[in-house]
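Worksheet: one structure, shown below.
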Amino acid sequence: MSHADSPVPVKARSGNTLTGRMCPPGDKSISHRALILGLLAIGETKVRGLLEGDDVLRTAAACRALGAQVTREADGAWRIAGAGIGGLHQPEQVLDFGNAGTGSRLMMGVAGSHPVTVTFDGDASLRKRPMGRILDPLTRMGVTVVDQAEGGRVPLTLKGPRETIPIRYETPVPSAQIKSAVLLAGLNAPGTVTVVENQASRDHTERMLRLFGAQVSVEPHGEAGRLITLAGQPELRGVELTVPADPSSAAFPIVAALITPGSDIVVESVMTNPLRTGLITTLMEMGADITLTNERENGGEVVADLRVRHSALRSVEVPPERAPAMIDEYPVLAVAAAFAEGETQMRGLHELRVKESDRLQAVSDGLAAAGVAHRIEGDDLIVCGDGSAPPGGGTAQTHLDHRIAMSFLVLGLAAPGGMAVDDGAMIATSFPDFVPAMRRLGAEILEG
Ligand SMILES: O=C(O)C1=C[C@@H](OP(=O)(O)O)[C@@H](O)[C@H](O)C1
Ligand SMILES: C=C(OP(=O)(O)O)C(=O)O
């Protein structure tokens, strides 16, 4: 499914219980990084379990355009023959990242630190997203912004310097994309690059850089922050790795089972990196019956199987400092909160305004369409429930946002009136198998 085609309306109906086991697709953050470090490594990288969603396929195409050989084997493993740090080719075409913030922003760090001239573009959603947060540190590293759309947006063109300048950079907002763009640019800088974050964000770049042979040190900084130091111009060597299942995709079947009476499912091999499990923590505080079993290591990350049973949920206050560990999960948490008793208060959600859509507004509009009492107070979202299912029955506008689409379909699985979304096409960016996977658990979801 591609958004060049006409919108795909999708509807979810309630009345079925969810049972059985499912394994969500590979983690999107890790999939992007595996391809990118494969491009920058010498030799061959083999990746199993890569997310074959549109966002990641765009990164694969960009890696090819920059000089890597990227192929998919018959058994589903991906092979990347790297171009190596310093070895990137001048691409012949514009790098079109579609809907992908992560792919485009991380690749700006990679390409921007090489003596090539690269134009980045994307779909109508990506064209609205702020890129100044990446251009600011990259400019300090010697990168020239040759051209940009108004307000620091794509389409934009970067020209890399002959020699990248190593910097120390404090991220203005907790963002793994900003941190990673600086670290990836630092790979081609003669010297040490330091990123300071006042609140720790997901650390997959740091972990994977080490796996490929870079020297990265991570120290605590202040109360909840980190100071990350990378020694520039390492020789990265290709590796074999397996991508663990994406906790951000697991969130949808998890919440669906919690709110659908009689449900009892197991979501397998979910990555439980503590910088990604804010939703699980929050749901457990709300009284969710979730048990973690079979904890094990997979591709440098810890994974576990999660048994999830329908639960009576109660409201909680989600503190702003938890946001980085669950930033993509607020839309589906808002859905869980609609079934909980009391006022669930989600604080400090300003970053939701600059995702694939203005997620704070899109969630609020979708909740209104589903008949859920709620309000926005500044950067906070407050959802008011009485412990019973909201009526549902409306249509949520998805604004090219996969997480909005999946969240409101999940709501429809347990609301008496069901729920429709205007367009499910974007689900393919992160969870291409979402509809069939949910149907296998017993959900009734109808396309078209
Ligand atoms: O680095 C990453 O892989 C991501 C970082 C987060 O964005 P920010 O860096 O903007 O917080 C998150 O929302 C996105 O889905 C993936
Ligand atoms: C914000 C997201 O992704 P990205 O920034 O990569 O577009 C997401 O997947 O929810």
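Note: Cβ is positioned from N, Cα and C throughout, glycine not excepted.
Features of the protein shown, as given by TrEMBL:
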{"type": "REGION", "residues": "1-23", "note": "region 'Disordered'"}
{"type": "DOMAIN", "residues": "14-437", "note": "domain 'Enolpyruvate transferase'"}
{"type": "BINDING", "residues": "Lys28, Gly101, Arg129, Gln177, Arg359, Arg403", "note": "phosphoenolpyruvate binding site"}
{"type": "BINDING", "residues": "Lys28, Ser29, Arg33, Ser175, Gln177, Asp328, Lys355", "note": "3-phosphoshikimate binding site"}
{"type": "ACT_SITE", "residues": "Asp328", "note": "active site, proton acceptor"}
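The shortest Cα-Cα distance between Arg33 (3-phosphoshikimate binding site) and any of the binding-site residues Gly101, Arg129, Gln177, Arg359, Arg403 is the one to Gln177. Close contacts with ligand 2, defined as a Cβ under 6 Å from any of its atoms, occur at none of the binding-site residues Ser29, Arg33, Arg129.
A Cβ distance below 6 Å to any atom of ligand 1 is met, among the binding-site residues Ser29, Arg33, Arg129, Gln177, Arg359, Arg403, by Ser29, Gln177. Rounded to a whole number, the distance between the Cα atoms of Asp328 (3-phosphoshikimate binding site) and Arg359 (phosphoenolpyruvate binding site) is 9 Å.
Put simply, Asp328 (3-phosphoshikimate binding site) is 12 Å from Lys28 (phosphoenolpyruvate binding site) when counted between their Cα atoms. Using Cα positions, the member of the binding-site residues Gly101, Arg129, Gln177, Arg403 nearest to Asp328 (3-phosphoshikimate binding site) is identified as Arg403. Mean pLDDT for the domain 'Enolpyruvate transferase' (14-437) in the predicted structure: 98. Here the C-alpha separation of Arg403 (phosphoenolpyruvate binding site) and Lys355 (3-phosphoshikimate binding site) works out to 10 Å. Residues within less than 8 Å, Cβ to Cβ, of Lys355 (3-phosphoshikimate binding site) and separated from it by at least 6 positions along the same chain comprise Gly101, Arg129, Asp328, Asp401, Arg403.
The two recorded residues Ser29 (3-phosphoshikimate binding site) and Gln177 (phosphoenolpyruvate binding site) have their Cα atoms spaced 9 Å from each other.
There are 29 other Cβ atoms within 10 Å of the Cβ belonging to Arg403 (phosphoenolpyruvate binding site).
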